[in-house]
Each structure stands twice: as structure tokens, then as C-alpha cells.
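Engineer: Structure provided below as C-alpha cells; questions to follow.
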Amino acid sequence: MKILRKTHPLLKIVNHSFIDLPTPSNISSWWNFGSLLGMCLVIQILTGLFLAMHYTSDTATAFSSVAHICRDVNYGWLIRYLHANGASMFFICLFIHVGRGIYYGSYVLSETWNIGIILLLTTMATAFVGYVLPWGQMSFWGATVITNLLSAIPYIGNTLVEWIWGGFSVDKATLTRFFAFHFILPFIITALVLVHLLFLHETGSNNPSGLNSDSDKIPFHPYYTIKDLLGIFLLLMTLMILALFFPDILGDPDNFTPANPLNTPAHIKPEWYFLFAYAILRSIPNKLGGVLALVLSILILATFPLLNTSKQHGLIFRPITQTIYWIFIANLLVLTWIGGQPVEYPFTTIGQIASITYFTIIVIIMPVSNTIENNIIKL
């Protein structure tokens, strides 16, 4: 008798990707975050779909439609808070996933890595346009400030900003198009995820030792499906605790006030997961320089395969670069903290030092430590 999953054209693809996939036998829990990101994407698309059924993308009714979802729709409050906090869980998993990729040298699989960077940028764009939709004070002013940064682009800047706004300020046209973008982008992300997996399965997974694992592989199912289910259970539990006990802990109090173009909040800041990039943007006094630094703070990830001079794969046997890596992570946490602080001394100075450190570690210090370690091996 033929096994259906091995012969059916559609099931065969699923089988080769998730069931009989040869997987290194030693991959740790840090490799769980790929499946957790998939789970987050499914949660966001499903909760988002139900929210879109009740939301109205009009400046006059957007804020009250979100209030209506929370008050009058069956379990609307839960769907809304799962969606809002699901975004935070999504970004926590994303940052850990990227961090694991840097630590274990997964960037040598350059196609997978580059698609991952595109995925990160697309997810950030989706979260940004989504944050505008409730049409609270921080939604409105966040949209105004961030889109206005494009005006720093020479020659076409002002035209580009007005084109994105659909007028001379953030208004009804902006909200409507942002809703359209927020609806379509998750499906683009899903397509990119499939490409990401396609490239990953071309080369096979990396593993903690950084050594070739072709001689020691096991099927993905049941070993890693069970392991992933544990991760998914823990993720769902954390998300439910957040959504049920602390639903607004990661939000901004200003967003409980309807958008008012005549009243600027004291401190305009984005969601917590953008604060590191926002701190880098604010640390440069020049507008265009700040925008370039903001974009480069993410695009610099693409330089990892190019700047990698190490003869070893990953950081597991490289104590010098390991120490630098953890300094880099600590520096990112400092940037995140600074992004949420007011623009005044000493925060501006700390932000500038942390921003310089961020770029210096990636471009100069890590390649130098790689070379030092290569020379130590020769001794």
C-alpha cells in the first residue's frame, strides 16, 4: 500500500517540509522560534481578520469602532488584546530568532538570511501601519512624525510625503490606505515565509556546534513537532497571561485619547519594539542623517555574511566574540530604554554613545575579533 503523504502531490511537499525533513539531532530550544513565529503569524492573521469585520477606517469613527469592538462585540476585547499583545510576542520571537542567527552563524546561509531581513522589514512596516489604525493620539502623531521623515529625502521628499498622506496632512485618506496596507502585508509576509523555508530546506538547518551534521540527522516528526508544541504552548500561555491580566502594559496611555491634530503629546514615541531604531534616529541631529541611520540599523544585518572573516562557524567556541556579542545585546537594551526617554541630557548623550557602539561593534569590532581568534587558532 502506498503511503499517501509520500505520493500525493500536495501532501508530498508538506511531508518533505515538516514530517520527513532530515533535521540535525542536536538543535536546541533556540531553534524553536521559527515555528513560534509561524504560530504568531497565524494568530495575528486570524485575530486581525475578526477585528477587520468590525473596524471602520474613517477618521470620524475609527476610534469609536475600536471601543465598540471592546464593549459590544462578543469577546471583542479578547480578540483586540490578543492582536495587540500578539504583535509584541511576534517581535520578541523575531528578535530572539535574529539574535540566534547571529550567535550561531546562520547568516552564512545568505539567501535564507537576506529573505529574513526582508521579512523583518515587512513585519516592521505592518506593525507601524497597524499602530495608526486605532486613531488615538499616539497613533496619529506617530504616523505624522515617522512619515514626515521621508521629507528628508532630497528633491522628491516633500512630494513623496504628500503622496503617502494622500493630502497635506495625516487624514482620512492616510488612515484608509494604512488599513489597506495593514490587511495585505501579512499575506505578503506569508508568501515570504514560504520562500524563507524553501531556501532553508535547500541547504538544511544550521546547528549549535556549527559543524556539518549530514551524518547525524533525524526526521522532523515526531522529535521536533513535540518540541515545537511545547514552545507553542508556552507562547500561548504567555500571550494569554498578557492579554487577560496586563492587556495595556505595553501600550501607550496617550492612545486612550482620540487623535487631535491641535494637541501634541509631550513625548511622541513608537511601540516598544521600535524604540532601539527610534533612539538611533534621534541620536543624530541632522534629519537626513537620522533617517539613513534608522534604515541602516536594520539593513546592516545584511553585512554579516560579508564581514564574516572567522574560520569557525558560530560563536560557541569563540569566547572573545561571545563577550562582544553580549555587549552588543546589552547595548540594544540600552537603546530600547533611551528610545522611551525624553530628549534631554543625559539621555541624548547616552543615546549617541549607544548608537555609535551599535554600528562600531558590527562593522569594526566583530571582524577584528574574528581575525584575532583566527590567529589564536594558529598558535
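Glycine residues also receive a Cβ, built from the backbone N, Cα and C atoms like all the rest.
Residues annotated as heme b b562 binding site in Swiss-Prot: His83, His182. Look at Swiss-Prot and you will find His97, His196 tagged as heme b b566 binding site. Annotation source Swiss-Prot lists ubiquinone binding site at His201. Swiss-Prot lists 33-53, 77-98, 113-133, 178-198, 226-246, 288-308, 320-340, 347-367 with the feature transmembrane segment.
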Engineer: Between His196 (heme b b566 binding site) and His83 (heme b b562 binding site), find the distance joining the two CA atoms and give it rounded to the nearest Å.
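Structural biologist: Spelling it out, the Cα of His196 (heme b b566 binding site) and the Cα of His83 (heme b b562 binding site) are 24 Å apart.
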Engineer: Counting other CB atoms within 10 A of each CB, which of the binding-site residues His83, His182, His196, His201 comes out lowest?
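Structural biologist: Counting other Cβ atoms within 10 Å of each of the binding-site residues His83, His182, His196, His201, the minimum falls on His201.
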Engineer: Which residues of the chain, 6 or more past the ends of the transmembrane segment (178-198), have a CB below 8 A from one of its CBs?
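Structural biologist: For the transmembrane segment (178-198), the far contacts come to 17, 37-38, 41, 44-45, 48, 52, 55, 57, 112, 115-116, 118-119, 122-123, 125-126, 129-130, 132-133, 143.
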Engineer: Name the one residue among His83, His97, His182 whose Cα is closest in three-dimensional space to that of His201 (ubiquinone binding site); these are the binding-site residues.
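Structural biologist: Answer for the nearest of the binding-site residues: His97.
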Engineer: At the level of the C-alpha atoms, what whole-angstrom distance separates His83 (heme b b562 binding site) and His97 (heme b b566 binding site)?
Structural biologist: 20
Engineer: Measuring Cα to Cα, how many Å separate His182 (heme b b562 binding site) from His97 (heme b b566 binding site)?
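Structural biologist: Roughly 23 Å, rounded to the nearest whole number.
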Engineer: Going along the chain, which residues at least six beyond the ends of the transmembrane segment (347-367) come within the CB cut-off of under 8 Å?
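Structural biologist: For the transmembrane segment (347-367), the sequence-distant neighbours (Cβ-Cβ under 8 Å, at least 6 residues beyond its ends) are 279-280, 282-284, 293, 296-297, 300, 303-304, 307-309, 321, 324-325, 327-328, 331-332, 334-335, 338-339, 341.
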Engineer: Around the Cβ of His97 (heme b b566 binding site), how many other Cβ atoms lie within 10 Å? Please give the count over every shown protein chain.
Structural biologist: 20
